[in-house]
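> Sharing the record's features from TrEMBL:
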| type | residues | note |
| --- | --- | --- |
| ACT_SITE | GLU189 | active site, proton acceptor |
| BINDING | ASP51, ASP90, GLU122 | Mg(2+) binding site |
| BINDING | ASP51, SER52, ASP90, LYS120 | 3-methyl-2-oxobutanoate binding site |
Amino acid sequence: MSVNKEIRRVTTHVLQKMKHDGERISMLTAYDFSMAKIFDDAGMDILLVGDSASNVMAGHETTLPITLDQMIYHAASVVRAIKRSFVVVDLPFGSYQGNSKEALNSTIRIMKETGAHGIKIEGGEEIIESVKRIISAGVPVMGHLGLTPQSIYKFGTYAVRATEDAEAQKLLKDAQLLQEAGCFAIVLEKIPALLAKQVAETLEIPVIGIGAGKYVDGQVLVMHDMLGINKEFKPRFLRRYLNLYDDIYNATQQYINDIKDRDFPNDSEQY
Ligand code: KIV
């Protein structure tokens, strides 16, 4: 099955119908206008302005340093490019943990200043009041369970989560709570495929996986990983569709050589 051309604009209702019809949901991160335009033209269902921008755009080791203002800058650039995709923006670390009012205020800034369609928030039971408050303000919320990178210092590693029964049970309970609170979808990151399958089969809302196996309702990757811009990051769950690092490196060397050799510009490339 390829891109569903009948869908002119992806909404939460469209995503719900995709789950109902068994049509897999495609999702990819985007942080800037030009890439978002290509992804939207290609038919991506959801574009996530992820706080992974902290790593791949700003070069930080974790997602913790990125600010709400920086997320808004990236999200506004992405939204300017899209016609079809549903745009979700991560609430960055420090913009919602204080209380549900802080979470709502950060969400309102994102919605007003970017034109995005919804937000994503990491966590389960501990953020459920915030989720309810944001949804009661009319904003679609996507949950995020499993490996939640904003808690990396609590976990200590980026290893697979919920391999032990206690954590798996908590994840199942949290997923149920997020659905009951009104989330339109949930991301599951780096958990065993059979646990993700159980969540996807139990919940009525779409479950999107990253390193969560093939039984969920959709897949998301970080664009730099999917396009092979990062050479070092090679988790088992990643499929690279290009090796852009090598292509860009080679093109850049060619450009440098052409300048040094006085080959560029040539007669037809000048006025
Ligand atoms: O920030 C991000 O890119 C994410 C994805 C890994 C789901 O949250």
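Keep in mind that glycine also has a Cβ here, set from the backbone N, Cα and C atoms.
TrEMBL entries are annotated by machine, without manual review.
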> Just to be sure I understand: of SER52, LYS120, GLU189, which recorded positions have a C-alpha no more than 10 angstroms from the C-alpha of ASP90 (Mg(2+) binding site)?
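SER52, LYS120, listed in sequence order.
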> From the centroid of the CB atoms of ASP51, ASP90, GLU122, the recorded Mg(2+) site, which same-chain residues not already listed sit within 8 A by their CB, in sequence order?
GLY50, SER52, THR63, LEU91, PRO92, PHE93, LYS120, ILE121, HIS144, PRO149, GLN150
> In Å, rounded, how far does the Cα of GLU122 (Mg(2+) binding site) sit from the Cα of SER52 (3-methyl-2-oxobutanoate binding site)?
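The separation of the Cα atoms works out to 13 Å.
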> Report the binding-site residues (ASP51, SER52, GLU122) that meet this criterion: Cβ distance to the nearest atom of ligand 1 under 6 Å. Use sequence order and write none if nothing qualifies.
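Close enough to ligand 1 are ASP51, SER52.
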> Which of the three DSSP states, helix, strand or coil, fits ASP90 (Mg(2+) binding site)?
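DSSP assigns ASP90 (Mg(2+) binding site) to strand.
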> Measure the Cβ-based neighbour count of ASP51 (Mg(2+) binding site), defined as the other Cβ atoms within 10 Å of its Cβ.
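ASP51 (Mg(2+) binding site) is surrounded by 28 other Cβ atoms within 10 Å.
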> Express the distance between the Cα positions of SER52 (3-methyl-2-oxobutanoate binding site) and the residue listed as 'active site, proton acceptor' as a whole number of Å.
13
> If I take the alpha carbons of ASP51 (Mg(2+) binding site) and LYS120 (3-methyl-2-oxobutanoate binding site), what is the distance between them in whole Å?
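ASP51 (Mg(2+) binding site) and LYS120 (3-methyl-2-oxobutanoate binding site) have their Cα atoms 10 Å apart.
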> Return only the integer: C-alpha distance in Å from GLU189 (active site, proton acceptor) to LYS120 (3-methyl-2-oxobutanoate binding site).
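Distance (Cα to Cα, whole Å): 13 Å.
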> Identify which of the recorded positions ASP90, GLU122, GLU189 has its Cβ surrounded by the largest number of other Cβ atoms within 10 Å, counting every protein chain shown.
ASP90
